[in-house]
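To start, the structure under review is shown below, and the notes come after it.
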């Protein structure tokens with residue numbers, strides 16, 4: 001048998017060296033992409049740092065525990081306790097609707113999808129929701145919740161339904177978060193190789209048991225990503241809040257059971273809107289402070305999401 | 001027994017060489033697997049018929065994948081399905097526990113029986129607990145080592161029976177798969193942290209947990225390193241005493257090493273079925289002879 005002696009390896013060129021043979025158009029393209037990338041980074045970081053620096057100067061601990069009040073100067077107008085609570089309440093309510101529905105729709109689209117025509121319609125509907133401006137949802141919500149049949153979700157006086165409440169705002173915000181949840185759940189499930197499903201069927205498990213015990217746990221990073229992106233969108237939305245939460249800076253409970261949720265209030269976004277130099281209240285220091293808190297919330301959310309996703313992606317199958 | 005002359009070995013080009021070379025085997029047969037390296041074959045007198053495939057044809061749409069195949073599957077023997085890619089061997093394997101039904105276009109004719117009962121009359125889930133399968137890619141479920149095995153023993157999606165009640169059965173399955181000693185202290189660890197070979201043995205443990213009659217293996221070693229392959233091959237040979245084993249493999253050496261019976265398939269047909277020594281050593285069909293000597297495939 002002829003024994004092959006491997007020839008001395010040729011001198012290897014690293015990837016960097018090999019770019020020496022690039023054409024000048026390629027180099028220009030690379031330079032262009034690089035400059036744009038760095039520019040984008042600088043602009044984003046610039047905005048975040050500017051707002052952080054601006055905001056942190058004005059944030060005072062007592063703002064977190066005092067309600068807003070009427071006044072002419074920054075020292076008289078109180079803090080943003082109500083908007084902070086409002087943000088948390090409205091986000092929780094919206095996700096309480098969007099998450100289960102989105103999870104269900106995502107699982108159905110990825111794992112069942114029968115009949116096909118219905119799945120296709122659902123898919124494009126969800127995509128349409130994702131592309132709809134939130135002010136449109138807000139306007140729709142105003143009309144919807146003013147209907148007497150939905151009067152129990154808000155305050156009504158003498159048969160006239162006010163139509164603005166935490167419930168109303170959360171319902172419309174749920175529509176904004178829904179496509180993000182659906183898309184991520186679906187993507188996560190579809191990234192699971194087919195043989196993993198079959199392995200579960202091949203030991204006698206039903207489709208439902210497989211989905212619950214194998215697929216959803218495997219898709220957890222994507223599910224969490226969807227939920228957190230949804231929360232991010234919800235706490236950042238302003239249009240729906242302004243039209244549907246009643247534009248009262250303080251939380252004003254309605255009469256009757258669960259009055260707080262049927263009443264009106266504000267969130268950090270609408271608080272910033274009101275207090276911005278162009279807003280009605282014009283208390284820029286308050287606006288910056290609230291914007292800082294809002295930004296911090298979103299950044300923490302993103303960071304948490306990153307941690308969860310990173311941890312989850314480490315353990316997975318070959319395809 | 002007339003062994004073939006060793007097949008020529010095609011060498012892939014090394015760096016700096018332009019073309020592939022064909023190395024003619026030298027006379028002592030060292031480059032051929034036939035006539036060497038075969039494990040000691042235990043007697044197969046224990047063999048019991050478990051499954052019977054009768055005139056089975058499977059088509060995907062209008063494309064025939066398996067063409068009226070009949071063969072027995074016996075406990076006490078390892079049956080290897082060999083043949084070139086696309087010959088229908090995996091389809092045949094998947095039809096044994098009705099996984100083919102998951103493909104919408106698949107249609108099936110003929111009969112498969114398990115201990116005398118037509119598998120078509122079974123509830124798929126109960127059939128698949130008796131005829132379990134291990135796949136090419138190790139695919140432990142995203143849960144702990146313990147739960148991977150316990151999942152199979154539990155009612156569908158429930159968490160009952162409880163962990164305590166399943167300890168014995170889980171340990172037993174892990175022992176049978178030869179994994180217990182390596183994982184007994186890490187039962188709570190995520191299964192996906194195990195090495196590839198361990199993952200595959202966990203998949204085998206999982207497949208054994210429900211005490212099936214038949215174990216189907218679809219190229220179980222093709223994603224593994226030689227050492228893990230060796231471990232799993234030894235395991236398969238041991239397992240055939242307690243469960244009928246059917247293995248699909250692309251690796252002829254592997255089929256030769258572990259199989260008692262070999263079925264050679266080509267273009268959906270069962271060309272030859274017989275004891276491993278005969279199929280590799282003295283194939284009756286020309287196509288089998290060409291395939292096992294590496295002429296095509």
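Backbone N, Cα and C atoms are what each Cβ position is placed from, and that goes for glycine too.
Nobody curates TrEMBL annotations by hand; they come from automatic prediction.
Feature annotation from TrEMBL assigns domain 'ABC transmembrane type-1' to A:84-305.
Feature annotation from TrEMBL assigns transmembrane segment to A:28-53 (among others).
Sequence-remote contacts of a segment are chain residues at least 6 beyond its ends whose Cβ falls under 8 Å from one of its Cβ atoms, and for the transmembrane segment (A:84-109) they are 64, 119, 122-123, 126, 166-167, 169-171, 173-186, 189, 211, 216, 223, 226-227, 230-231, 234-235, 241, 245, 251, 260-261, 265-269, 293-294, 297. Look at TrEMBL and you will find A:84-109 (among others) tagged as transmembrane segment.
Residues 153-154, 161-165, 167-169, 171-172, 175-176, 178-180, 183, 237-240, 242-244 of the same chain sit 6 or more residues outside the transmembrane segment (A:129-146) yet have a Cβ under 8 Å from a Cβ within it. According to TrEMBL, the transmembrane segment annotation covers A:129-146 (among others).
According to TrEMBL, the transmembrane segment annotation covers A:166-185 (among others). Here the transmembrane segment (A:166-185) has long-range neighbours at 86, 89-91, 93-99, 101-103, 105-107, 109-110, 126-127, 129-130, 134, 137-138, 140-141, 144-145, 153-154, 219, 222-223, 225-227, 229-231, 233-234, 237, 240-241, 244-245, 260-265, meaning same-chain residues at least 6 beyond its ends whose C-beta is under 8 angstroms from one of its own.
Remote same-chain residues near the transmembrane segment (A:234-252) are listed as 67-68, 82-83, 85-87, 90-91, 94-95, 98, 133-135, 137-139, 141-142, 145, 162-166, 168-169, 172-173, 176-177, 260, 263-274, 281, 294, 297-298 (criterion: CB distance under 8 Å, separation of at least six residues from the stretch ends). Annotation source TrEMBL lists transmembrane segment at A:234-252 (among others).
The transmembrane segment annotation in TrEMBL covers A:287-309 (among others). If you look at the transmembrane segment (A:287-309), the same-chain residues 6 or more away from its ends with a CB under 8 A from one of its CBs are 48, 51-52, 54-60, 63, 80, 83-84, 87, 221, 224-225, 228-229, 231-232, 235-236, 268-269, 271-272, 275-277, 279.
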Intrachain residues whose Cβ lies under 8 Å of the transmembrane segment (A:28-53), provided they are six or more past its termini: 22, 288, 291-292, 295-296, 299
